[in-house]
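Down below is the structure, laid out as structure tokens.
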């Protein structure tokens with residue numbers, strides 16, 4: 001395994017990747033957002049260092065449906081065929097199910113809006129719709145080339161026109177297929193969706209016997225299968241998700257219950273990454289299981305999945321935290337921190353994301369997750385959030401009390417994270433959080449606009465005269481990452497400021513110009529030169545996240561409404577669990593039957 005600065009070269013979401021390899025989805029690495037991914041900062045307009053306009057909350061969305069509680073019947077015409085067959089099966093099962101069995105139709109009755117919205121999220125504005133159709137075309141192009149040259153492999157190598165497997169998923173195949181299921185479905189690419197479903201039915205073999213990243217398998221495969229099930233009702237996806245979830249449980253067999261990062265899916269043996277400090281587990285890895293595992297309990301009625309992740313939270317809640325911060329390395333044996341390196345980019349990022357999303361997914365009943373999130377955010381603001389001489393807000397890394405003034409592309413998810421959590425903070429801080437989210441998103445946009453290609457580098461700095469730019473060759477690559485666009489999508493939905501759609505379109509144009517090749521999309525090695533060198537990798541998260549977030553950015557808000565859905569860190573939508581609604585439905589049905 002190649003190493004970069006002592007870390008594996010091919011990290012996932014939580015790590016950094018070398019220019020030559022794919023990102024968090026791909027190579028032999030593991031973590032979701034690399035240690036080198038930094039925070040995402042924002043930048044007020046030049047010259048505005050001291051004055052920042054307030055972010056305006058969104059006006060009522062144009063074209064939004066007032067009578068939003070239509071149930072699943074209003075799924076789109078383009079998906080009606082797939083949905084109908086699933087719905088028929090669910091309906092018959094519905095009548096026989098006992099109260100301990102998960103009931104898909106009952107669950108969907110508790111959604112406030114149809115998953116696909118009133119008109120598949122089609123925007124009324126012709127230009128916006130044209131842009132949305134362009135993103136759909138990009139998805140079809142990426143998918144068709146994957147199908148032609150890499151079918152059944154994990155990723156497409158578009159320059160050499162072949163597939164890549166890697167060893168991150170422990171012998172599992174088809175990462176791009178699983179990651180694409182929900183994207184194809186919401187875009188109405190039903191022929192392609194049906195091809196993907198057929199592959200899952202006939203070819204997804206979970207009996208692998210290799211070294212898998214617990215984190216990556218969870219966010220991509222378990223998350224992708226769960227989302228596909230919740231959107232379509234296809235029992236196939238549910239059964240595969242539960243089968244795979246069970247194979248992940250042995251990773252938790254440690255003295256503390258903190259799982260190790262690598263697991264053999266066949267034998268159940270687990271161990272820590274060789275590069276991780278002193279056999280540590282990684283905060284962003286063991287802290288990014290909660291959403292999926294709660295839904296595994298929901299579908300199986302087996303509490304063990306929720307118990308495993310609640311045990312992690314219990315330990316993290318009681319352990320002493322330096323300055324209120326959560327370091328990135330923790331011993332699964334002693335339960336103590338190893339090193340005091342803190343980052344909301346690689347190695348830390350999605351832990352914080354899953355705290356606020358756990359609260360939202362619980363229908364705002366998980367008060368412990370809420371308290372932990374806001375306490376962590378307060379510590380991050382006090383210790384890590386900085387303002388550059390040029391007026392850009394960014395989140396530095398913290399190494400035992402010493403700040404490293406850089407942000408990683410991976411950290412740029414934090415604009416969206418802080419945004420979606422703004423309304424549930426203390427009333428007097430809600431506007432402040434929305435402003436902070438906008439500032440960080442602005443800084444991340446600056447990292448794009450200050451490059452020749454208008455795509456952002458893997459990491460950018462704020463020292464030695466640098467402002468949101470990469471001054472090391474090893475930080476200049478772009479591997480089709482979604483985090484900046486992710487924050488654009490959230491900030492659009494929260495504010496409806498048209499600049500976020502314009503920024504998203506800038507990214508589309510840059511992707512088309514510099515990353516689109518004859519047979520797919522490829523990352524590039526240096527965003528600061530227009531004579532690009534491609535890395536020959538179409539990451540699975542490009543299909544799952546980058547293109548999905550762009551499509552949602554140019555769609556109406558009722559397509560996967562944030563009132564009903566939270567996105568896991570691979571952008572797979574999981575429904576909010578409305579316990580009171582589900583219990584009311586159960587009571588009503590029982591009374592009717594009696």
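Just so it is clear, glycine is given a Cβ too, placed from its N, Cα and C backbone atoms.
Values in this document were obtained by computation on a predicted structure and should not be read as measured data.
TrEMBL lists region 'Disordered' at one of the ranges 113-132, 133-152, namely 113-132.
Among the listed active-site residues, namely 216, 349, 458, 483, the Cβ with the most fellow Cβ atoms inside 10 Å is that of 349. Between residue 483 (active site) and residue 412 (disulfide bond), the C-alpha separation comes to 5 Å. Distance from the CA of residue 444 (disulfide bond) to the CA of residue 569 (Ca(2+) binding site) is 18 Å. Between the listed disulfide-bonded residues, namely 412, 444, the fewest other CB atoms within 10 angstroms of a CB are found at 444.
Other Cβ atoms within 10 Å of the Cβ of residue 569 (Ca(2+) binding site), summed over all protein chains shown, number 30. Taking only the Cα positions, the spacing between residue 349 (active site) and residue 216 (active site, proton donor) is 14 angstrom. According to DSSP, the region 'Disordered' (113-132) comprises 7 helix, 0 strand, 13 coil.
Distance from the CA of residue 458 (active site, proton donor) to the CA of residue 412 (disulfide bond) is 10 Å.
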